[in-house]
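Participant: The active site, proton donor/acceptor feature in TrEMBL is assigned to Asp150. As annotated by TrEMBL, Mg(2+) binding site applies to Asn10, Glu386. Look at TrEMBL and you will find Lys17, His210, Leu211, Gly212, Asn213, Gly214, Asp284, Met285, Arg286, Gly332, Val333, Gly334, Glu335, Asn336 tagged as ATP binding site. Annotated substrate binding site per TrEMBL: Arg93, in sequence order. If you look up TrEMBL, you'll see His182, Arg243 marked as site 'Transition state stabilizer'.
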Amino acid sequence: MNATRVLVLNSGSSSVKYQLLDMRDASRLAVGLVERIGEQTSRLKHTCLSSGDTREQNGPIADHDAALKAVAEELAKDGSGLDSPELAAIGHRVVHGGMFFTEPTVIDDAVLTEIERLIPVAPLHNPANLTGIRTAMALRPDLPQVAVFDTAFHTTMPESAARYAIETKLADRYRVRRYGFHGTSHAYVSRETARLLGRAPEDVNVIVLHLGNGASATAVRGGKCVDTSMGLTPLEGLVMGTRSGDLDPAVIFHLQRVGGMSMDEIDTLLNKRSGLFGLCGDNDMREIRRRMDEGDEQARLAFDIYIHRLKKYIGAYYAVLGTVDAVAFTAGVGENADFVRAAALAGLEGLGLAVDGARNAVRGGEARLISPDGARVAVAVVPTDEEMEIASQTYALVGKDSRGN
Ligand code: ADP
């Protein structure tokens with residue numbers, strides 16, 4: 001039997017998201033989530049997409065090992081457990097691959113060591129990703145396991161975009177540079193945008209706006225990333241749900257010297273209590289919209305700051321690219337919030353950018369154009385699919401072997 005299935009695992013510090021895909025027809029067989037691992041109130045939610053069955057388990061799941069075993073049991077109930085001969089590989093999302101990993105990579109001891117070496121630049125994410133990988137490897141040591149890195153798509157950035165203007169020797173010693181994140185999404189969406197335009201990715205320049213709870217913008221020239229808004233960590237760039245994005249680094253010195261805050265407190269402030277949440281107490285764009293409709297001025301100001309920053313990045317990446325064929329909106333806010341898309345491009349007609357009101361208002365899960373006919377620059381809504389991208393990259397790497405050619 002041909003092994004054509006890929007299990008995609010996205011392991012966070014207290015959660016594991018997973019999807020089982022069949023790459024014969026790029027179909028999704030199962031999706032699920034284990035959350036609050038290590039607490040009394042852990043929950044596993046599993047949906048088998050062929051039968052439509054959804055099952056839930058509530059109660060303590062002690063660690064990632066127990067979580068993955070529980071996931072394996074759920075998959076086995078659908079007849080597609082981890083021991084299934086149809087399983088070709090497990091694809092792992094890994095947040096930080098540094099400059100070393102430019103491609104999806106089959107995981108061995110050397111790869112594990114390198115991901116571990118990157119922990120100082122990704123202290124929140126890489127340890128959790130590693131735990132997931134180690135657990136999966138212990139369960140299926142014979143199966144190829146592939147790491148797909150959030151940073152890989154951005155390794156094509158020129159040094160002029162990737163370096164900060166600080167002392168070179170120091171930057172090199174501590175690996176301080178701009179890595180960028182959400183790369184799997186930016187890669188997928190920029191390619192899908194080219195497809196929507198009926199053109200080859202190599203022939204198209206796209207500005208991708210990934211607007212979720214985390215948010216980032218990318219300038220993509222001919223299928224390759226030439227600039228991105230996130231930096232050493234996912235804190236830089238756009239205003240996000242709870243992250244500040246760009247600010248004068250001296251704000252940190254000021255908060256420490258004048259405000260008496262510790263570095264850890266400032267870290268938490270900028271990552272968890274800033275952005276839309278810090279500005280108005282809500283980080284969900286739906287709630288902010290509702291409050292604005294009621295005339296709430298704090299919510300309006302938070303929205304205006306979010307849009308102002310977004311517009312600045314669109315302008316900046318327009319200049320970086322010189323010629324822009326398309327602007328693509330994706331992720332939770334980008335795919336669903338027509339008012340964000342309209343506001344972000346308002347007044348940019350001089351750059352050939354406009355949104356058609358009726359097209360923008362249409363909701364749907366398909367990639368679609370929302371610019372008026374004949375627009376100089378296409379504006380698109382392109383639903384992202386990071387799991388599909390991880391599965392395709394994983395399968396492309398190991399599929400040949402498992403097909404026996
Ligand atoms: P992440 O993966 O970064 O957690 P998502 O891409 O799932 O985030 O985006 C989540 C965000 O999308 C929510 O915080 C919410 O602000 C926004 N969102 C989801 N649905 C809608 C909607 N219908 N209208 C406006 N915003 C939405």
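The backbone N, Cα and C atoms fix where each Cβ goes, and this holds for glycine too.
Help me see these features in their spatial surroundings.
Facilitator: Look at Asp150 (active site, proton donor/acceptor): DSSP puts it in coil.
Proximity of Asn10 (Mg(2+) binding site) to non-local residues of its own chain (separation of 6 or more, Cβ distance below 8 Å) is seen for Val16, Lys17, Tyr18, His92, Arg93, Gly132, Glu386, Glu387, given in sequence order. Look at Asn10 (Mg(2+) binding site): DSSP puts it in a strand.
Note: Val333 (ATP binding site) has non-local neighbours Leu211, Gly212, Ala215, Met285, Val340, i.e. same-chain residues 6+ apart with C-beta under 8 A of its own C-beta. In the three-state DSSP scheme, Val333 (ATP binding site) is classed as helix.
Every protein chain considered, the tally of other Cβ atoms within 10 Å of the Cβ of His182 (site 'Transition state stabilizer') stands at 29. Under the DSSP three-state reduction, His182 (site 'Transition state stabilizer') is assigned to coil, being neither helix nor strand.
The Cβ of Arg243 (site 'Transition state stabilizer') lies under 8 Å from the Cβ of Gly214, Pro234, Leu235, Leu270, Asn271, Lys272, Ser274, Gly275, each of these being in the same chain and 6 or more residues away along the sequence.
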Participant: Under 6 Å from ligand 1 by C-beta, which of these recorded positions make it: Asn10, Asp150, Leu211, Asn213, Arg243, Arg286? Sequence order, please.
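Facilitator: Asn213, Arg286, in sequence order.
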Participant: For Asp150 (active site, proton donor/acceptor), which residues of its chain lie six or more apart in sequence with Cβ-Cβ distance below 8 Å?
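Facilitator: Once residues fewer than 6 apart are set aside, Asp150 (active site, proton donor/acceptor) is near Arg93, Val94, Val95, His96, Gly97, Phe181, His182, Gly183, Thr184.
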Participant: Helix, strand or coil by DSSP: which one applies to Arg243 (site 'Transition state stabilizer')?
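Facilitator: The residue in question, Arg243 (site 'Transition state stabilizer'), is coil (DSSP, three-state).
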Participant: For Arg286 (ATP binding site), what residues in its own chain, 6 or more apart in sequence, show a Cβ-Cβ distance under 8 Å?
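Facilitator: In sequence order, Ala337 meet the Cβ cut-off.
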Participant: Taking each of the binding-site residues Asp284, Glu335, Glu386 in turn and counting other Cβ atoms within 10 Å of its Cβ, which one has the fewest?
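Facilitator: Output over binding-site residues Asp284, Glu335, Glu386: least Cβ neighbours within 10 Å is Asp284.
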Participant: Which of these binding-site residues has the least crowded Cβ, counting other Cβ atoms within 10 Å: Lys17, Arg93?
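Facilitator: Minimum Cβ neighbour count within 10 Å, taken over the binding-site residues Lys17, Arg93, occurs at Lys17.
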Participant: Same chain only, sequence gap of 6 or more: which residues have a CB within under 8 Å of the CB of Asn213 (ATP binding site)?
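Facilitator: The answer is Met240, Gly241, Thr242, Asn283, Gly332.
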